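If you look up TrEMBL, you'll see 3-114 marked as domain 'Response regulatory'. Among the features that TrEMBL reports, 4-aspartylphosphate is placed at 52. For 120-349, the entry in TrEMBL reads domain 'Sigma-54 factor interaction'.
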Ligand SMILES: Nc1ncnc2c1ncn2[C@@H]1O[C@H](COP(=O)(O)OP(=O)(O)OP(=O)(O)O)[C@@H](O)[C@H]1O
């Protein structure tokens, strides 16, 4: 369940955004202004902040950075307030949500921060027995280590364990340990006292305290620095944590789930992961098979995503043609469920007939990530439909291929930045920076839907 902090008045159109988010299961908190919002973030944290551009978004973002808070901020305002939008984006807002809000955009934002609230789709026997085991261990209090390749559904499984546990009514808090530099990760996890570092003007509770009575997922734990590994071990063993700069430990009642795509046992053997922490975390180990190891899940998942993305895009529901099913079954899915999801998202947008045919199944080739600040690429660049093998791209410059892919994806998404970034597996900010570069080089960029092309010069 996503925890959203809304900064602004609910009487205006922001209230509509709040109602849509609440109807989709988000847990809401409201603050009247940026200072009050910051105060709530120090206390309870949030997965996402929606801030009306009437308030000082730039101050809020600066303050959050100074206090080492990593939560994304989305600015909201009238679509004709281009100045407000530009200011907010320049200040570091992740996105601009035009009001009145588009329910699909809110759904996409919620999904991006909190994953899919639905039950995992499972058909293959390998996965069904894993799910049964997960439900069985959910009721215990032991830590669980979830292993599996990237995109196999580790976070989905963690949420399922939380939902099936006695802590289901408590919060589920997730933190990606690979996404943050060490200092930021430390204060995200443990919080800090006033004066702990130069920007710490007030005390703040970290994720451990925010997850009180619930579950904390430490995603990509294999990437964690050994110093922080020691602190996590202490939190599990002693059930208490130390805020940065704190003088007394704080008791915490939190169940820890950890996920990794690495083979942690061999990380231990290489001296890169603490053995004692490994044994603490791995009381129960669940390994999610790669999608190619559970072919029985491919078509049920594909149908599920086809339905979901048709609904999200306001398109008619279409089934998969047998030839399209054959293409899906023949692919090895190195990017696992996330790759399948992106493929079906594209297919729903590309399909033209009464069913989704093989021509709409447009697999991506797997090349190394290009953008250095992109989120780990679940499916990599560039596009190579079956009729255009990757060899056709040989001789072209990487940045040129990347540009074509980005612009093409954006026009498939009818200019919708949030969806395009999601499909490309990069952050909205990376997408925006790229578009800005292209525009500066004189390339035509599809406008934001419902806005004139010049309204938002930053993309
Ligand atoms: N069984 C499933 N049913 C429905 N959706 C799924 C399932 N498994 C994965 N997904 C979807 O696939 C995407 C990737 O899943 P998830 O983020 O849980 O993978 P992950 O293994 O945690 O990835 P990473 O290692 O990159 O963090 C998500 O959008 C998720 O909703």
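Cβ atoms are placed via backbone N, Cα and C, with glycine included.
Confidence for the domain 'Response regulatory' (3-114), expressed as mean pLDDT, is 88. As a summary of secondary structure, the domain 'Response regulatory' (3-114) carries 52 helix, 24 strand, 36 coil according to DSSP.
Its own atom aside, the Cβ of residue 52 (4-aspartylphosphate) has 23 Cβ atoms within 10 angstroms in the protein chains shown.
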